[in-house]
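Accompanying notes for the structure given below.
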Amino acid sequence: MAFNNLIRNLAIGDNVYKYFDLNGLNDARYNELPISIKYLLEAAVRHCDEFHVLKKDVETILDWKNSQRNQAEIPFKPARVILQDFTGVPAVVDLAAMRDAVQNMGADPAKINPVCPVDLVIDHSVQVDHYGNLEALAKNQSIEFERNRERFNFLKWGSKAFDNLLIVPPGSGIVHQVNLEYLARTVFVGKDGVLYPDSVVGTDSHTTMIDGSGVLGWGVGGIEAEAVMLGQPISMVIPEVIGYELVGTLSDTVTSTDLVLTITKNLRDLGVVGKFVEFFGTGVASLSIADRATIANMCPEYGATIGFFPVDSRTIDYLTQTGRDTDYTQRVEQYLKSVGMFVNFTDDSYRPTYTTTLKLDLGSVVPSVSGPKRPHDRVELASLAQDFSKGLTDKISFKAFGLKPEDATKSVTITNHGRTAELTHGSVVIAAITSCTNTSNPSVMLAAGLVAKKAVELGLNVQPYVKTSLSPGSGVVTKYLEASGLLPYLEKIGFNIAGYGCMTCIGNSGPLDEPVTKAIEENNLVVAGVLSGNRNFEGRIHPHVRANYLASPPLAVLYSIIGNVNVDINGVLAVTPDGKEIRLADIWPTRKEVAKFEEEFVKPQFFREVYANIELGSTEWQQLECPAVKLYPWDDASTYIKKVPFFDGMTSELPSQSDIVNAHVLLNLGDSVTTDHISPAGSISKTSPAARFLAGRGVTPRDFNTYGARRGNDEIMARGTFANIRLVNKLASKVGPITLHVPSGEELDIFDAAQKYKDAGIPAIILAGKEYGCGSSRDWAAKGPFLQGVKAVIAESFERIHRSNLIGMGIIPFQYQAGQNADSLGLTGKEQFSIGVPDDLKPGQLIDVNVSNGSVFQVICRFDTEVELTYYRNGGILQYMIRKLIQ
């Protein structure tokens, strides 16, 4: 290696380790770098082999102050990869299919194998089918196995067939919380005892949660993650780093959720897509690691690549609290201090060089929620009722629903669970304590328990139409809620544990009670969900719930009792059985109350007990049987696991490159089209093309499961692409998964229209607005359009991960020039488009688009690096990896 001269010994306790001493570069620029850039530099120095990583890459990172302005390209080799099952199943399917392709090309299929640690946590499969009783957990877990046995069998095969692949069984918790509490190393002990910082990329956009503990991590597309597993560095543009200074302390009634919603809005307003955000300032010292992890978790919602908190003394305290031993914590602290990556936030003079900075006084943060349709639309809690009421009749937008004024006061009497109640606009029909964003944070979980305790003591109850659920991100939460005596109070008002997984946060909210569903449908009610999740895009949480508010766990409990978001939070919230009027101060715990419970009941032994046997899984998991073979025995009759067609007919030669000629527009879309719109994860509509496919193979609607669970079958996923019932397509006469097949003038299901174009040999393109592909890091949001025949997307801007996924599938991302979009260019989507793709294409090149109406405009080709161009010329990143590995 080029920098072996920097290797030094480091004695820690009874052990002597090695490490790359970056101070040995004797370069003053090193000390000025943000800590996150130091992590990139250390990885480049350690991996510098003059092949994957060059000396000039090291210089580019060292010269970050200048190179950040020049779109300079660098490689990065993370220490490990993390997956969840919705993205993990298709990743393992791809790896299995790649083994077949390599064998068919006459090479050793064992070449397809992860070269770095890969952890896959099964957390996306469990749904809230049962709730509000003590049997809910066991019943939901039983149904999860019944629905997903074939998927789980496949994953268990993968853990045996591939080296370096750890499967964490279902029922263990949520991937990012398990990563934070157990999987993360903080500092790795590598080959020959070399120490280096932990870093990770994951196939879930909220991988960034780990940044809160000083581990550098972010989400990538599943396709890119597979390349990393096989030894390929990530190619990235060296990022700008926004320094976010925090000062002061949070006030007594404010939660970490309120803080993260404030930060999310501030950073989204600033515009940080493709940038690193690094937190500093004396205020950081007052935040627990759980608070920091909550802020880092919602990094995708504010659009940055990472939201990073360097390691400090509170990180060491957290590692101790979560059961890591003294050798571990000493190794972390002494190594990071040796390389200048350990921070003292109480030192006001600590101010690295940043691209730009912004500042927040924690004392200015007020109780907040975000919604009703986007996570960065923060609303002060005091204004929620007014904001919702106004949005009912305002023109349809991200904040409004477009009801007629005469329909805004509708109400209907329903009977549910033997109780009668009025259901109106704003009625809270889902109240969920869910998501790693908040269930990883003891302060807000204990606060939720304290609200429940006070409610029970006051004789209050949840409204009969509210579906309540508690889905902790790990078993540790259950331990401290039990130890504190708060769990029985949560159970008393219906917040029984429904499962250990993502559940409501990702749309696995399960069905509403029938009387509630009937009332909503018959009266076109705009009902609400209040959840402690991180996303609330249209159609994500539940197809019948149009207004969804992200809130802290105690607010989820409180609104289940109030029953409506259209209620003044500063007024009377409820009335006790003896007639006492209850206001917020009567039921809301102070930060001091919460801190006392946390100090007493969150213990290291709970973490050690929970994680001691986490890899064993349940009896059902242990009894799963799978073949111990290197090549997967595909079952043609399976509707869950199918060999993908991406490598069919592949040879060692590069495919020929062709222009896009006379393409039709499959969809003409607006702004903020999410990966949920493109490739939904939730339930499969009984009238959809995917449902027709399943029914044709003898699957009953009861067993359709979800699109997320079906991601191992490309036939279903191609049919589920753009199947979101809230999709707004300017080529269609109504909202939903339909489009205009331009040649015939017919409105068809999007999949059916795409098939017509494919059968006729006509390429398809997509027109879109700003932030195309925002949301989850869903590789099927690129794979699906590829299978539908989409050759290019022309958008005003792309979310980072989705742009990478498109390139990984050989779809070209084109970007309108500044100030232009489909409307300004007079495009309706009914035209045909021809786009020449030159053989000597360069990153960021301007390309002519010829329109059938005679006009010509130029777009920016959003291949940002030469490596991305190489992937495209190979037909995709996985095809590139196969050719590289068999050489």
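Don't overthink the numbers, they just go from 1 along the chain as shown.
Quick reminder: no glycine exception, Cβ is built from N, Cα and C everywhere.
Residues Asp204, Ser205, His206, Arg535, Arg540, Arg697, Ser777, Arg778 are recorded by Swiss-Prot as substrate binders, and the candidate that the same record lists for that site, out of Gln84, Gln321, Gln887, is Gln84.
Nearest in space to Cys502 ([4Fe-4S] cluster binding site), taking C-alpha to C-alpha distance over the binding-site residues Gln84, Ser205, Arg697, is Gln84.
Listed in sequence order, Gly219, Pro300, Gly775, Ser776, Ser777, Ile801 are the same-chain residues six or more apart from Ser205 (substrate binding site) with CB atoms under 8 A from its CB. The separation of Cys436 ([4Fe-4S] cluster binding site) from Arg778 (substrate binding site), Cα to Cα, is 18 Å. Here the C-alpha separation of Arg535 (substrate binding site) and Cys505 ([4Fe-4S] cluster binding site) works out to 7 Å. Counting other Cβ atoms within 10 Å of each Cβ, the lowest count among the binding-site residues Arg535, Arg697, Arg778 belongs to Arg697.
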